[in-house]
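A.B. asks: I'd like to ask some things about the structure below.
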Amino acid sequence: NSVHPCCDPVKCEPREGEHCISGPCCRNCKFLNAGTICKRAMLDGLHDYCTGVTSDCPRNRYNH
């Protein structure tokens, strides 16, 4: 079994100095910059963007 390079296998959390393990707003163990598109617009015409502080891709706050 290979260990994920971002993951501390004992604690099951990001290694010291790293931000994240995986997710649409995580790349190379770091959060993507705020404003990076993490989900392209579909029917509503609004993209979803990374916040720079989480690996999740939050829904565009202007979506109804």
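Keep in mind that glycine also has a Cβ here, set from the backbone N, Cα and C atoms.
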A.B. asks: Where Swiss-Prot annotates a disulfide for Cys29, which of Cys6, Cys57 is the other cysteine?
C.D. replies: Cys6
A.B. asks: Regarding the disulphide bond with Cys20, report which of Cys12, Cys26 Swiss-Prot records as its partner.
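C.D. replies: So the cysteine paired with Cys20 in Swiss-Prot is Cys26.
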A.B. asks: If you pull up Swiss-Prot, which of Cys12, Cys25 shows a disulphide to Cys50?
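C.D. replies: Disulfide mapping in Swiss-Prot sends Cys50 to Cys25.
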A.B. asks: Find the one among the disulfide-bonded residues Cys25, Cys38, Cys57 whose C-alpha lies closest to that of Cys6 (disulfide bond).
C.D. replies: Cys25
A.B. asks: Using a 10 Å radius around its CB, how many other CB atoms surround Cys29 (disulfide bond)?
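C.D. replies: By my count, 18.
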A.B. asks: Cys57 (disulfide bond) has how many other Cβ neighbours within 10 Å of its own Cβ?
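C.D. replies: So the number of other Cβ atoms within 10 Å of Cys57 (disulfide bond) is 19.
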A.B. asks: Roughly how many Å separate the Cα of Cys38 (disulfide bond) from that of Cys29 (disulfide bond), to the nearest whole number?
C.D. replies: 16
